[in-house]
Amino acid sequence: MALPNVNPTTTPSWKKLQSHFEAVKDVHMKDLFANDADRADKMTIKWDDFYVDFSKNRITEETLGYLLELADDVKLKEAIQSQFSGEIINKTEGRAVLHAALRAPESATFNVEGQNVMPEVYKAKQKIEGFANEVINGERKGYTGKVFTDVVNIGIGGSDLGPAMVVDSLQYYKNHLTTHFVSNVDGDHVNEVIKKLDPETTLFVVVSKTFTTQETLSNANTIKSWFLKSANETAIAKHFVAVSTNLESVKNFGIDENNIFPMWDWVGGRFSLWSAVGLTISLAVGYNNFASLLDGANKMDNHFKNEDFKNNIPVVLALISIWYNNFFKAESEAVIPYSQYLNQFATYLQQGIMESNGKSIDRNGNPVNYETGTLIWGEPGTNSQHAFFQLIHQGTKLIPADFIGFTKSLHGNQDHQDKLISNFLAQTEALLNGKTEAEVVAEGTKEDIVPFKVFKGNKPTNTIFINKLSPESLGKLIAMYEHKIFVQGIIWNIYSYDQFGVELGKQLASKILQEFNNSAVNEHDSSTHNLLNYYRKMS
Ligand code: F6P
């Protein structure tokens, strides 16, 4: 069964939302709270160790009702079913989308073309576990017999951002291995990392689903050449491992067959950290923590699959986001974690969200006549308060924001934690209420300054409060956003799992690269032509 194929703007619920929007667009959330003492209770989902309060949004119960109708009108339930049953829902690439299988229990069944993939998933997990244990406990050694001290993940996009974000987020749980990530084709990146390494004690994990990615192969080759200045070819088998679907190319690169960890077509790059792409995670925090991350994601999968839409965290967050994107015409959303550990979280989400839903052709192959996709950005609080919050508070743009916080800090410094969480709560309160002219005047502000100090408020936020940052809760949080992406793709009637938009630039770059060494420069627009020649002259 193919994915349902419904233009959302033709549904009865969309029409209801349109006229409802006209009626409520200027309503202030302050009044919604004043008129309903139970608003926060009604608009909070408590699930496991998650407390998700979405009451500080410009929605009423009527809005939610219509949004939930929209989910039914676009046949979201059937779409979820199609995804989890292994159907080829990534139609443009002819693939199933089964990252959920990677975190399911061994007893589960996920069929791809009639074949249950779980046995191979668990075989790969065993290999990851065994390998990670041997490196961590020092059984596996480098070519001079020394134990490994450093691990370098070489990959880009989904083969870098997921592992890098998780390792950074879980640094509290880290072991003695020092981890590095090389991604950019900018040679200064790889050289800065190499500076810190000892070839005798460094393990290299080359991660590339396709094993054709220019950046990853260039970095892997540069590192291999550097390594071979100290070691001979036979040492590669001890120091280089790969994660890929392209076994032939990995072997041609010189990596030992036993050192190849599998990947599958039915796992998209940006959803792959749960597979062997997460090998560096297992090495950095140990396999048990990696397994807890997967368990957390599996719990969120079950919540998403089984919970009624009105109490379903990813579904509700997706619907609210559609409300802002398509009715208020908000262009971006901010994600503000009140945890320095989640420093890379927004960067990670950028690929997941924008590579998935940055599409303008619907599932019929026709251009959409409505907005899709969301610009995602963010930085941890409280730093971001001193950077871009001014614009969210008093600028002209509507920027819905997710505030993510943890009730307990990991190091247990209660003074800092209380200050952090007081800011976390204060910001969403300030964004909701703002500050009226009367309040500014009452503070004794000089008359001519009053307008500058007024905050309109009515700025929407979701508060996602989690007990503690742990591998399990992080797994839940990541999976929550993955499912939000899926729901939005279904509603927008687009294919979320291809990424053809990144191809054109790659093709042109390889053409231009050849031209650097050619006297004849092929046809370009005059700007590119001049820039290319300027570079040839100056470099
Ligand atoms: O940016 C395009 C992309 O294909 C991503 O989807 C992917 O995560 C990344 O490149 C890396 O691809 P690979 O793992 O094949 O090297």
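Think of each number as a place in line: the chain as shown, counted from 1.
Placement of Cβ uses the backbone N, Cα and C atoms for every residue, glycine included.
These come from TrEMBL:
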ACT_SITE  Glu355  active site, proton donor
ACT_SITE  His386  active site
ACT_SITE  Lys506  active site
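Shown here: features listed in TrEMBL, placed on the structure.
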residue	record	Cβ contacts under 8 Å, 6 or more apart
Glu355	active site, proton donor	Gly157, Arg270, Gln499, Gly501, Val502
His386	active site	none
Lys506	active site	Gln214
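In three-state terms derived from DSSP, His386 (active site) belongs to a helical segment.
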